[in-house]
Amino acid sequence: MTEKTSSLVFSAQYVALVHTICSFAAFFIPLALALYTHYYQVVKNEFYGYPEEWFPSVSATIGDWYPERSVFQWLIALTATPRLLVLLLWFTLSGISRPSVIITTALGVLRTALCGGWVYVTSTDDHDWHDIFMIGYLISNAPWFILVSKCSPVNSMASRIRNIGSALFVLTIFPLIYWYIQHKFKHIPGAYTVYAFFEWSLILWDILFDSALYWDFKPLVFNLHTSKTYSNPSSFATRKKEKGEHLSYAEAAAVGTQAKNIKKDSNVKCSKKQILFSLLYFSSEVYLSFVFWSVLTSLGLLVWYFPLWHMGISGYEACILFELSPFLLGIPLLRKFASKVPVIFLFLNVIGIAAYKLEDPVHRLFVTAFSVCCECLAWTSLFSNISPENLAIERKISTFLFGLLASSIAKYSFFSNNPIWPILNETNGGKQIPALIVGIIACLIFAIFHVQQTTANAVEHFKLRKITALSAALSLGTVLFCLHTFLCDSTVLMTWSWDGYPIKGPQPYPHGAVSIVVSICAVLVAPYLYQSGAFMLIGFVLACFGSYFMYINHGWCSYLGGLIFTSYVLIYSFASIRISSFYSPAKVWGGAFLVYILYSLAHVWVVAYEFVPGGPILRERTSYILIFIGWNLAALVPAYSGESKEPNKADSSVVDIKQSDSSYRRRSFKKSLLTGFCLALMALKFAIQNMPPYDYTPYHPNEKLFTAGIWTIHFGLDNFMYASENRIRDAVRDMELDVFGLLESDTQRLIMGFRDLTQVLAHDLGMYADYGPGPDKHTWGAALLSKFPIVNSTHHLLPSPQGELAPAIHATLDVYGELIDVVVSHNGQYESQLDRRLQSTELARIMRESPRPLVFLGYVVSNVGQEPQTILTRDTGMLDIEPADYDRWCQYIFYRGVKRIGYARLHRSTITDTELQTGKFLVTKDLGRNVRIDKEHVPESHRYPSLFEGTGVNGHYYDNNLVVHEPWYYD
């Protein structure tokens, strides 16, 4: 026997891990590159392109364009080595003398070769051979799945992953074939995009199946050394045992023994009744969490109504302090009561949904605030009642986050309005009655089945280094704010990434569903990741980069950065909430909601009006908030100090958290998976259902006529604190507006409910929509909607040295085949004459430099014939739509290069505080005499609707000023 001269020992799991990472990277890095560099090319197929098709197939991604094709082939080449090593290790592990193992290994080599065939022979190179290799690869998967599952060593985790992966793979094949037929033979628009999703799913399920080898290889160790092997296998085993080392599977096979002492996961079998009850309880918690997030996200929206209409501090802002109710748990009696019967507070929370029935805005606010008070007490108690060593807390966190995602899906289904918010009722889409019924049932189920859950076995110890209660509160408060700000609505990240036309990034429909599905996946994998200190550190760094790209960039880069950041926040939530259970709920949860409120105020102050006290401190400084978020998230990262078989009892700063046995976690995962699957299906349903057709027709296409309007809509809240989108839609439709601008329209903020008013208007009216500068631009919003295609649009932030930033949109429309520019702007307030003058000067420059016909729709804040209004018409060629209308102050319409044929001002009703101002124009070279004429001389098709004459309808009529009491017409 020779002596060893050198050696290298490492776990074989690393090989499986590298193989999984390389496999995933080989496909999804090229996908990201393709979406970023050749989006419109890769989504195009033989029948359709964008927007009918909006997601690329695997073949288009990996085979058609540089650099993604080269990157893919390079990464696949890197995958080859770990792939062959994995096959060799599995062959050694499973028994080299078994015929079935030999056949399976040979099949694995063949499968690898077939993969190389369709990788390096692309569909562009040779379509037939590419398909032959691809079909052969897919067919070989069936026996591969069966044989590997049968021949692999017993391991419950690996078996579970293989079962999931193979089942999903097989189930995906059938819809894949169906949608391919719909595309190839029936030529249905959008079918190939659906097919592409199933095709990419096959890749994921394939990688998932092979990733199970990571758990198979846990007892397998690489021991590379220069000496010869031991000649006597039994002596080798004896030496290993004398050293106290365990035999690996391969070593046990070599000496003819079996590893009998490997721990097997306990398999606790539950009856069908227990499974049903457990699922009902889980579902009730998800629904009650949905109510929690729905009510919490509505409070800021209700509070915002009062300073909005008072144009200053109203006093009702103090209602946000109801969120500090967890501080009351410092009272022992209340804490004990909330701990024993949390269902009472949950029930009061559900009853708060009925606040919508109260017509008085003040009463509605107070009831909602009380509901928030109860729900904060209830959920704080629910989390605090569970020991951090009890894995039931993981399930509780999962239901808490699924409830958040359910509220996001509810908003997604109603075009960014939550159907159970108090700003909705039976007339504008509210669904509170069904929500109340389900909520009461959920409370009953919760009351019946609510018991403390216990963990069956402690497999190993995981050490968390204690942090201070202050750090825990900062961390948790930051989590609550991030969950609310970035995840309560699936389109938040899209408005951050929006940069106008042509479209360079995601759209609410269908990509909002992508955001939801990614979030669901993050919640599902979080229990397996948040306990890893390495992941938390690396994830934190990636999340910081993600938030940076989300804020700095636009389009897909910003969106992907946001997805990385929000996914980390969801996973981080498990650690933050679990650690908070170590401390007094009054200290940590009360402190957390205080931090949350401070964040919320800062979130408002970044767009503070000039007259808001302290506005300059944070105005236009969202970057400061993101830095504070990163700083406070980092408070938790040092808590991870690594793993140990036995906790260090001498170190009093170390807290032991016992991990669950696999049976408990498996059952929890199954419930989470089922819930996530149902939520994902709903999101995909609404994404497909509300996909815009991008094929719209103006109201008078044969007349070459268009009607334009401008309306300041007060953030979509009417005089009675109800959502006004539907009423705005009806007025715009009845006025037959083809192009209109909306001002005070950026509602993608915490105090405005993260709504997107353009979604429902564009959908119901059949229009293209430009949201305007997003929430990252620190304005109060300007939006453009058009029946005509928006060829190009540019967003401007007008000079504002003293007050809030003023937004503007400069868009080019294809109006009956002619390019016509439209400018929509919202200038500063009366308090700052300097701002208004500089803003008007910049707008004049934009219009002067445009060579095309142009219509200006804006908020100027000026007397007629005085500065800054005259700055916009001086040296720009722009004409005031009606100079004789002296009763104007805010809204103005200017035009040039088109023929003015009509002008009307429509009463606002109770929608807002400003009328709808409109103009009718003809696209013609003959600009007419530019004189006013009687209505009788105007063709019927050129007239304004008679619907609003006299007393009008729905509170709208043609009399809203001292001058223009009916539509005026011109030649």
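Here the Cβ of each residue, glycine as well, is placed from N, Cα and C on the backbone.
As recorded in Swiss-Prot, the features of this protein are as follows:
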REGION    1-242  region 'PGAP2-like'
TRANSMEM  71-91  transmembrane segment
TRANSMEM  129-149  transmembrane segment
TRANSMEM  161-181  transmembrane segment
REGION    243-971  region 'PGAP2IP-like'
TRANSMEM  286-306  transmembrane segment
TRANSMEM  336-356  transmembrane segment
TRANSMEM  366-386  transmembrane segment
TRANSMEM  397-417  transmembrane segment
TRANSMEM  467-487  transmembrane segment
TRANSMEM  509-529  transmembrane segment
TRANSMEM  532-552  transmembrane segment
TRANSMEM  555-575  transmembrane segment
TRANSMEM  588-608  transmembrane segment
ACT_SITE  HIS826  active site
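Of all Cβ atoms in the shown protein chains, 31 besides its own fall within 10 Å of the Cβ of HIS826 (active site). Beyond the transmembrane segment (129-149), the same-chain residues lying 6 or more positions past its ends with a Cβ under 8 Å from any Cβ of the stretch are 59, 63, 90, 100, 103-104, 107-108, 110-111, 114-115, 117-118, 121-123, 159, 162-163, 165-166, 169-170, 173, 202, 206, 209. In the predicted structure, the region 'PGAP2-like' (1-242) carries a mean pLDDT of 74. Under the three-state DSSP scheme, HIS826 (active site) falls in the strand class.
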